[in-house]
Amino acid sequence: MTTAPTPRRILLASPRGVCAGVDRAIETVEKALERYGPPVYVRHEIVHNKYVVKTLEKKGAIFVDETFEVPEGNIVIFSAHGVAPVVHEEAARRKLATIDATCPLVTKVHKEAVRYAREGYDILLIGHEGHEEVIGTSGEAPDHIQLVDDPDDVANVEVRDPDKVVWLSQTTLSVDETMETVGALKNKFPNLLSPPSDDICYATQNRQTAVKKMSAESDLVIVVGSKNSSNSVRLVEVALGAGAGAAHLVDYADEIDEAWLDGVDTVGLTSGASVPEILVERVLEWLAARGYEDVETVKAAEESIAFSLPKELRRDLRAEAAAPVEVRRATRPGGEW
Ligand code: SF4
């Protein structure tokens, strides 16, 4: 008697992919290109995704590492990860017109940092050293903020007053690891204050919850996302922690190694918060061509959050809509913002 082959299936995480902050940041660059014409300069990758950056480059965006690389009098967009006040000051010195595409949920953390610093707190910022978001947040109150990477870091933390300490965090961390670090901090500082609401954003949390839900049933989890995307990398870690047989991060379908599928009946599939859905669709096609056609959605949450475009851009789009055509291009350079 022959046994029937085991059906191959895909568990598709929901929600996945582009979040409200990323959607807004990408649309900001696209609308700026339409409104002012290329080139439009963007400081750092607008979001951490190779495909998005390449697509916007083709449309005329120029990505730079530092503000001084932007020719004077031009337009520069700040990325979704946020920037320190010194970056705004430098842009003003160089007479650059700025559009701030910082995600409003990152701005919320910046404001918390400013407020607690003003009130004299030592701020313990849980996050990854060198990440753009952490650099931007730390720059809001450099004399009050110290970075705590993980529980092992806690022993080295020294504060002015152990009764006046608050923790904040990067928006894209692992929820579970962050709470471990908070636990270690609370052991050291029993009066440690928590932020008024979660700093780890709704999109990061929902994507981790969805991947957790499907990982125990998945022989392999594929996370679509770039290696410099913090929340995508966290999804791989969360999948492994939640029982996935294996988990890999890929930017594109053609990076999947056929050998990963050896003995795999169930593939879990998700994508980071900066990943356009077309990249997931290509992975689904790639898997379908190898017999994984049965797709089951694993739902963890509904998302309906949307953010409006940065106010500088909204204002110029409104002005453009009201102005005669010949006047529109005349408002391109900075100074009139
Ligand atoms: S991952 Fe969260 S903080 Fe980052 S851009 Fe998206 S919504 Fe904003």
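Even glycines carry a Cβ here, placed using N, Cα and C.
Per TrEMBL, the candidate among Ser174, Ser271, Ser274 that belongs to the dimethylallyl diphosphate site alongside His48, His81, His131, Ser229, Ser230, Asn231 is Ser274.
Checking the recorded positions His48, His131, Glu133, Ser229, Ser230 against ligand 1, not one has its Cβ under 6 Å from it. The binding-site residues recorded for this entry are His81, Cys103, Cys201, Ser230, Asn231, and the Cα of Cys201 lies nearest to that of Thr171 ((2E)-4-hydroxy-3-methylbut-2-enyl diphosphate binding site).
Around His81 (isopentenyl diphosphate binding site), taking its Cβ as the centre, 28 other Cβ atoms fall within 10 Å, counting all chains. Asn231 (isopentenyl diphosphate binding site) and Glu133 (active site, proton donor) have their C-alpha atoms 12 Å apart, to the nearest angstrom. Residues His48, His81, His131, Ser229, Ser230, Asn231, Ser274 make up the record's isopentenyl diphosphate site, and a Cβ search at 8 Å around their centroid adds Val47, Glu132, Glu133, Thr172, Asn228, Ser232, Gly272, Ala273 from the same chain.
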